[in-house]
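**Student:** Below are the structure tokens for one structure; questions will follow.
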Amino acid sequence: MVSKKNKIVAALLAFFFGGLGIHKFYLGRVGQGILYILFCWTGIPSIIAFIEFIIFLCGSEEGFDQKYNFYYFQQQSKA
């Protein structure tokens, strides 16, 4: 079963733990999360995560749901 991802939780994880890619693991993007961990020593993932933090906060709930909660709503429509 797929759980619904929360936009605010994703934004907070990106802000506080973004350099390690924790928000990517939360959103189900495991491959990207591993890349963040591999390159965390460069500081680049921290910069990208801060940009993603801003995008999460400024983006619409519908856009977030389309991108990260697609499978959740697909399962709900089948039930």
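Cβ atoms are placed via backbone N, Cα and C, with glycine included.
Taken from Swiss-Prot, the feature domain 'TM2' covers 3-54. Feature annotation from Swiss-Prot assigns transmembrane segment to 8-28, 37-57; the stated evidence is sequence analysis.
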**Student:** Which sequence positions outside the transmembrane segment (8-28), separated from its termini by at least 6 residues, show Cβ-Cβ distances below 8 Å to it?
**Tutor:** 34-37, 40, 43, 45-46, 48-50, 52-53, 56-57, 64, 68
**Student:** Near the transmembrane segment (37-57), which same-chain residues lie under 8 Å Cβ to Cβ, leaving out any that are not at least 6 residues past its ends?
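**Tutor:** Long-range Cβ neighbours of the transmembrane segment (37-57): 7-8, 10-11, 14-15, 18-21, 23, 64.
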**Student:** Please compute the mean pLDDT of the model over the domain 'TM2' (3-54).
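**Tutor:** Mean per-residue confidence for the domain 'TM2' (3-54): 98 out of 100.
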